[in-house]
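Trainee: Feature annotation from TrEMBL assigns compositional bias 'Basic residues' to B:86-96. Summarising the annotation, TrEMBL assigns compositional bias 'Basic and acidic residues' to B:97-108. Residues annotated as region 'Disordered' in TrEMBL: B:84-108.
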Amino acid sequence: MSMFRNKKLDLGGFINGKIIRDHTKRRVFEANEVERQALRYVIRNTSLPQRARAQAQLQLAQMHAYTRSTQIKNRCVAGGVARSVFRDFRLGRYQFREQALAGELPGVRKASW
Amino acid sequence: MATQYSRVLELAKVQCRIFSLNFNPEKLRLGNKILRQRLRGPSLSAWYPKKTVSFRDLQATYKPLGLTMFDEGEDDREEAIQIAKLRGKGRPKKKRTAAESRSAKKKK
């Protein structure tokens, strides 16, 4: 959503629209995480009045979709691909292969036996 | 000799105080597991590499001080423009007023 987007781009490296969108979601989630956790605590706490818990449930449900962590998708840092991304290297499988064969990933070598 | 249940409870209470845990012998659902979770935001938002200082940034910061650097790309561009102008292939002059732009259309 454009209202959440940074006025000035604060990303380096490979950039495309989907990466900007995902980065925006990450930032929005970070900004709203404490509020979400507080609401989740109120909802789970059975010692609080039922009315307060129901209100917290509603409030949590009405928060913007971008404040949800499930909206975040790990994307390849070098190509923006969303599928088969290695979490340790933050790279898609093809970028991983290319960089590994070029010797740009320390400690990675082609298996041979 | 069996220990008294009240003694066990007291021990648990002291344990909880020392290790700053929640003393909850009735096992009520108080949602404390959510307070115990660490915040994931900082690590999640650090996924993509941050912007670093670029050549353009350096140029922009030193330009007000009158310090200019050699920019090969810019140099090439200006040279190409000069060559195009000599061949008569330069850009047309910008039409500043409505009257100018109208007369330019009529000529065609």
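Glycine residues also receive a Cβ, built from the backbone N, Cα and C atoms like all the rest.
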Trainee: List the helix, strand and coil residue totals of the compositional bias 'Basic residues' (B:86-96) as derived from DSSP.
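Mentor: Secondary-structure composition of the compositional bias 'Basic residues' (B:86-96): 1 helix, 0 strand, 10 coil.
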Trainee: From the DSSP assignment alone, can you count helix, strand and coil residues within the compositional bias 'Basic and acidic residues' (B:97-108)?
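Mentor: Helix/strand/coil tally for the compositional bias 'Basic and acidic residues' (B:97-108): 10 helix, 0 strand, 2 coil.
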